[in-house]
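Chemist: One structure coming up, written as structure tokens, with questions to follow.
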Amino acid sequence: MSGNKEVSFDPKEHQHLRYNPLRDTWVLVSAHRMKRPWAGQVEKPPEEHVPRHDPSNPLCPGNTRANGEVNPDYDSTFLFENDFPALQPDAPDPGSDQHPLFQSKAARGVCKVMCFHPWSDVTLPLMKKQEVVKVIDKWAELVEELGATYPWVQIFENKGAMMGCSNPHPHCQVWASNFLPNEPALSDRCQRAYYQKHGEQLLLQYARQEAEKKERVVVESSDWLAVVPYWATWPYQTLLLPRRHVLRINDLTTEERGGLADIMKRLLTKYDNLFEISFPYSMGWHGAPTGPSLKEDNSHWQLHAHYYPPLLRSATVKKFMVGYEMLAQEQRDLTPEQAAEKLRNLPEEHFKTRGEDKEDGGK
């Protein structure tokens with residue numbers, strides 16, 4: 001017999017695979033890699049001295065945009081058509097006479113930009129709760145309006161230069177398309193299959209299990225839950241979920257919208273407090289498809305938001321999705337449980353407002 005002692009599995013020390021039921025894919029977790037020294041690329045720290053109003057910033061109130069239009073002197077949210085849209089409503093059809101290896105389809109839609117606030121030096125966690133509620137109300141209004149026609153309405157925010165955002169002014173984008181994009185189409189298929197097999201919404205059951213386990217919960221309330229998902233790919237990725245069954249953001253009650261504003265501020269404050277910077281991320285909402293799907297049964301769907309931040313070790317060291325990730329499969333360098341614990345234990349008072357009067361801190 002071998003004298004080797006059997007080693008028990010430790011997710012913090014031993015690489016393993018985790019299944020993502022929303023995408024029907026696997027992620028490789030290799031937490032022991034965080035012990036390796038880092039001599040790779042270091043990012044430039046984000047700009048922390050953003051002027052409240054920059055006369056040259058095209059998103060500020062009263063300023064002129066690239067197309068020559070002048071912004072109104074808005075004092076809340078401000079919505080306008082993207083001056084450089086990726087989707088336009090009147091694009092021609094490529095036609096149907098195509099080889100199976102060279103297929104094209106018509107892509108039509110609209111692209112809008114939405115400013116959250118008139119000031120350039122604030123972000124969502126530093127805004128007052130009622131200001132964030134106005135953002136949520138506008139999101140719901142857009143899903144209602146654009147979703148009456150278009151099959152998909154994608155709300156997304158790219159925050160920080162590290163995520164390709166060229167303007168520090170607090171804003172997001174809303175793209176509506178005449179097609180169901182790849183990610184929501186995959187999520188639709190996976191949620192439908194789970195619902196048909198188990199008789200319950202995948203993410204509703206998942207939220208209940210995570211609320212019981214607690215080990216990956218970052219922040220929670222009576223209506224909402226934010227977790228580092230079991231299958232997270234990005235280091236501090238989070239999933240934001242309502243506790244009850246909700247199909248789309250415009251289905252949220254007034255009380256749930258207030259609760260969402262609260263939990264967004266709490267989550268994003270923890271993000272900023274992690275490395276004491278304005279934390280970069282890409283985020284977006286996924287809900288049941290719209291347009292023709294409004295007449296169909298979408299019981300398998302559950303509204304949720306994804307947050308994908310790139311930072312790994314510090315404010316200047318990010319996770320790179322290259323090599324193995326591009327050619328084989330996704331891989332992460334610390335366990336979701338470790339990431340959740342780190343975020344969960346951070347204070348909920350923003351580092352920029354510590355010691356200030358709460359009224360002045362935008363609470």
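Here, residue 1 is simply the first one shown, and the rest follow in order.
Using the three backbone atoms N, Cα and C, a Cβ is placed for every residue, glycine included.
Whatever TrEMBL says is automated annotation, not expert-curated.
Below are the features listed in TrEMBL for this protein:
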type	residues	note
BINDING	33-36, Ala66, 82-83, Asn158, 164-166, Gln173, 319-320, 324-325, Gln331	UDP-alpha-D-glucose binding site
REGION	39-68	region 'Disordered'
COMPBIAS	44-55	compositional bias 'Basic and acidic residues'
ACT_SITE	His171	active site, tele-UMP-histidine intermediate
DOMAIN	189-353	domain 'Galactose-1-phosphate uridyl transferase C-terminal'
REGION	343-363	region 'Disordered'
Chemist: So among the binding-site residues Asp83, Glu325, who's got the most Cβ atoms within 10 Å?
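Modeler: For the binding-site residues Asp83, Glu325, the Cβ with the most other Cβ atoms within 10 Å is Glu325.
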Chemist: Are there residues of the same chain, six or more positions away from Cys165 (UDP-alpha-D-glucose binding site), whose CB falls under 8 angstroms from its CB, and which are they?
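Modeler: When sequence neighbours closer than 6 are ignored, Cys165 (UDP-alpha-D-glucose binding site) has Asn158, Lys159, Pro280 within Cβ distance under 8 Å.
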Chemist: For His171 (active site, tele-UMP-histidine intermediate), write down the residues of its own chain that are at least 6 apart in sequence and whose Cβ falls under 8 Å from its Cβ; none is a fine answer.
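Modeler: Once residues fewer than 6 apart are set aside, His171 (active site, tele-UMP-histidine intermediate) is near Leu59, Val113, Met114, Cys115, Phe116, Glu157.
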Chemist: Any idea what the model's mean pLDDT is for the domain 'Galactose-1-phosphate uridyl transferase C-terminal' (189-353)?
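Modeler: Looking only at the domain 'Galactose-1-phosphate uridyl transferase C-terminal' (189-353), pLDDT averages out to 96.
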